[in-house]
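Colleague: The structure's right below; bear with me while I get my questions together.
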Amino acid sequence: MKMSVIGCGYLGAVHAAAMTSLGHDVVGIDVDPEKIASLTRGEAPFFEPGLPELLTASMASGQLRFSTDIADVAGCTVHFVAVGTPQRRDGHGADLTYVDAAVEALLPHLAPGDLVVGKSTVPVGTAGRLAVDVAATGAELAWNPEFLREGFAVKDTIEPDRLVYGVASERARQVLDEVYAVAVAAGTPVVETDYATAELVKTAANAFLATKISFINAMAEITEVVGADITLLADAIGHDARIGRKFLNAGIGFGGGCLPKDIRAFTARAEELGRGESVSFLKEVDAINLRRRERVIDLTVDAFDGRPHGRRVAVLGLSFKPHSDDIRDSPALDVAVRLHGLGADVVSYDPEAMANARRLHPQLTYADSAEKALAGAEVVLLVTEWPEFRALDPVAAAALVDRPVLIDGRNVLDPVAWRAAGWHVTGLGRP
Ligand code: UDX
């Protein structure tokens, strides 16, 4: 099939490339000429494992091209809308400017029978509104939310664990079946819904994941008062198949471009719908999440007897999670910036996110390696669980620092081994 993807940010660039893997011819459209130039060179404007290889292969085979000109969607019969829906500046709800602009730009180029497929995460009710304008051209709208995780985005798109088709006709369902024929043939479950349900599936899934993380972090607040161990508690409750162990890792909490903004947008939308109380717990989820960052800062300040000014802190990790250079709403970066604001001498290192962090926070000090960040440190914070930090040798690390004090904000290092090497170790929610 010939298809277009409008918006070549994280979601769109991955989606465009992944669709070629499913056998389609794709044109990716974006208003940002720099982004298009970079993608056309086969370079992803962000770090995502496997994406550069896929971009290069798809462009070499002629299945993928990029353009800033929306008229280049000519000849495509399926048009994905994959633009961002950031948090509004006033903090209330999602900013739909880009979605509205993308659909409006697309309208004059639609032919009767075309299918416009929304992938962006939108407040419930958006698809119903856009469907009217799309229908006026003789084309049709479907809503097909994306559940990809950063760091696994290519695999999640090519081999999704489920497909959700928010459709208003049998024909739209058939077109989506054709788009995802490879995944459907491999047995991927398909859930066919109306527009509103499809929009809500995405919102509800992210709200659930955020709630699960904040639940375990709330338990961590209790375990750390009574000297219990949150990781053992998570293991034990996680063995209950109804609960499951995934997303029960306590630590400094969730960040990124999705979970934080999506729970806030959901709260705002529910309030608009007169059902604010139904999701008022999400405000608590958000608050618990933000308190975990405070906890790491408090622990660090305590390690300096309340006087962090001029004291050396090594911050390992800046991205919101490993295998990503994304620093949007990153707990790790937030902690680094706030400790710097308290006067601490913060030296950070991250394998992929330093260029992004440096652009946003040139005031911070960045080291070229974990070892250089550790040199002379009086407190070490592990705040993003990159494999290379998990693999650190506690004996070698102890020889680099001034004081062997470790705060493991992700509970990934073995406290027994680190203590045996002379470290004073604090895990979040652990004795
Ligand atoms: C999330 C959803 O998982 C994905 O389905 C959706 O499409 C987009 O939002 P992503 O933002 O890429 O994906 O990251 P995810 O792997 O979900 O992690 C989110 C945050 O939660 C990270 O900061 C991570 O460190 C944190 N987290 C995750 C925990 O603190 N504990 C856990 O147990 C799991």
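Each Cβ is built from the backbone N, Cα and C atoms, and glycine gets one as well.
Below, the features straight out of TrEMBL:
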BINDING   Asp30, Lys35, Thr85, Thr121, Glu150, Lys261, Arg328  NAD(+) binding site
BINDING   Phe147, Leu148, Arg149, Glu150, Lys202, Phe247, Leu248, Asn249, Ala250, Gly251, Gly255, Lys321  substrate binding site
ACT_SITE  Cys258  active site, nucleophile
DOMAIN    314-415  domain 'UDP-glucose/GDP-mannose dehydrogenase C-terminal'
Colleague: Once near-sequence residues are set aside, which residues in the chain of Lys261 (NAD(+) binding site), 6 or more away, have Cβ atoms under 8 Å from its Cβ?
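Modeller: Result: Pro86, Gln87, Ala94, Asp329.
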Colleague: Going by DSSP, how much of the domain 'UDP-glucose/GDP-mannose dehydrogenase C-terminal' (314-415) is helix, how much is strand and how much is coil, in residues?
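Modeller: Computed counts for the domain 'UDP-glucose/GDP-mannose dehydrogenase C-terminal' (314-415) are 35 helix, 18 strand, 49 coil.
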Colleague: Near ligand 1, which of the binding-site residues Phe147, Lys202, Arg328 have CB less than 6 Å from any of its atoms?
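Modeller: Near ligand 1, sequence order: Phe147.
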Colleague: Quick one, of the binding-site residues Thr85, Thr121, which Cβ has the fewest other Cβ within 10 Å?
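Modeller: Fewest other Cβ atoms within 10 Å, among the binding-site residues Thr85, Thr121, is found for Thr85.
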Colleague: Please name which of the recorded positions listed here, Lys202, Leu248, Ala250, Cys258, is nearest in space to Thr85 (NAD(+) binding site), Cα against Cα.
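Modeller: Closest by Cα: Cys258.
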Colleague: Rounded to the nearest Å, what's the C-alpha distance separating Leu248 (substrate binding site) and the residue listed as 'active site, nucleophile'? Just drop the number here, would you?
Modeller: 18
Colleague: On the Cα atoms of Phe147, Leu148, Arg149, Glu150, Lys202, Phe247, Leu248, Asn249, Ala250, Gly251, Gly255, Lys321, which are listed as binding substrate, what is the maximum pairwise distance in Å?
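Modeller: Maximum Cα-Cα distance: 24 Å.
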Colleague: What is the Cβ neighbour count of Gly255 (substrate binding site) at a 10 Å cut-off, with all protein chains included?
Modeller: 23
Colleague: For the domain 'UDP-glucose/GDP-mannose dehydrogenase C-terminal' (314-415), would you mind checking the mean pLDDT of the predicted model?
Modeller: 98
Colleague: Select the most exposed residue of Leu248, Ala250, Cys258, where exposure means the fewest other Cβ atoms within 10 Å, treating these as the recorded positions.
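Modeller: It is Leu248 that, of the recorded positions Leu248, Ala250, Cys258, has the fewest other Cβ atoms within 10 Å.
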Colleague: What kind of secondary structure is Lys202 (substrate binding site) part of, going by DSSP in three states?
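Modeller: Helix, per DSSP.
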Colleague: With Arg149 (substrate binding site) as the reference Cα, tell me which of the recorded positions Asp30, Lys35, Thr121, Cys258, Arg328 is the closest one.
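Modeller: Nearest listed residue in space: Cys258.
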Colleague: Where does Lys261 (NAD(+) binding site) sit by DSSP, helix, strand or coil?
Modeller: helix
Colleague: Within 10 Å of its Cβ, which one of these binding-site residues (Lys35, Arg149, Lys202) has the largest number of other Cβ atoms?
Modeller: Lys202
